[in-house]
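Have a look at the structure below, then the notes.
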Amino acid sequence: MATYKVTLINDAEGLNQTIEVDDDTYILDAAEEAGLDLPYSCRAGACSTCAGKIKSGTVDQSDQSFLDDDQIEAGYVLTCVAYPTSDCTIETHKEEELY
């Protein structure tokens, strides 16, 4: 099992924290275990409350069913169903940008 460094950032929220996330753990779950309060709703990849935007690195979010190909191509990620596949930086609280 690999462990990656995931940096979660959001200037408006005053968030800039790096956490270690195993490659079989969803980023949202690891953030909560680290004491971070990120937005979420369904926890099943079927809404956009937990949306973030990848600034660097890669994730596996094949369990999600909400984002379309264009949104994924633009770097959007649903943190509740995203596993890290490399060290990555994700800007959080991006739901409003999807619409």
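Keep in mind that glycine also has a Cβ here, set from the backbone N, Cα and C atoms.
Among the features that Swiss-Prot reports, domain '2Fe-2S ferredoxin-type' is placed at 4-96. Marked as [2Fe-2S] cluster binding site by Swiss-Prot on the basis of sequence analysis: CYS42, CYS47, CYS50, CYS80.
Positions of the features from Swiss-Prot, shown on the structure.
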residue	record	contacts (Cβ under 8 Å, 6+ apart)
CYS42	[2Fe-2S] cluster binding site	THR49, CYS80
CYS47	[2Fe-2S] cluster binding site	SER41, PHE66
CYS50	[2Fe-2S] cluster binding site	LEU28, LEU38, PRO39, TYR40, SER41, ARG43, LEU78, THR79, CYS80, GLU95
*Within 8 Å of the centroid of the Cβ atoms of CYS42, CYS47, CYS50, CYS80, which other residues of that chain place their own Cβ, given that this set defines the recorded [2Fe-2S] cluster site?*
LEU28, TYR40, SER41, ARG43, ALA44, GLY45, ALA46, SER48, THR49, PHE66, LEU78, VAL81
*Number of other Cβ atoms within 10 Å of the Cβ of CYS80 ([2Fe-2S] cluster binding site) across all protein chains*: 25
*Which three-state DSSP class does CYS50 ([2Fe-2S] cluster binding site) fall into?*
coil
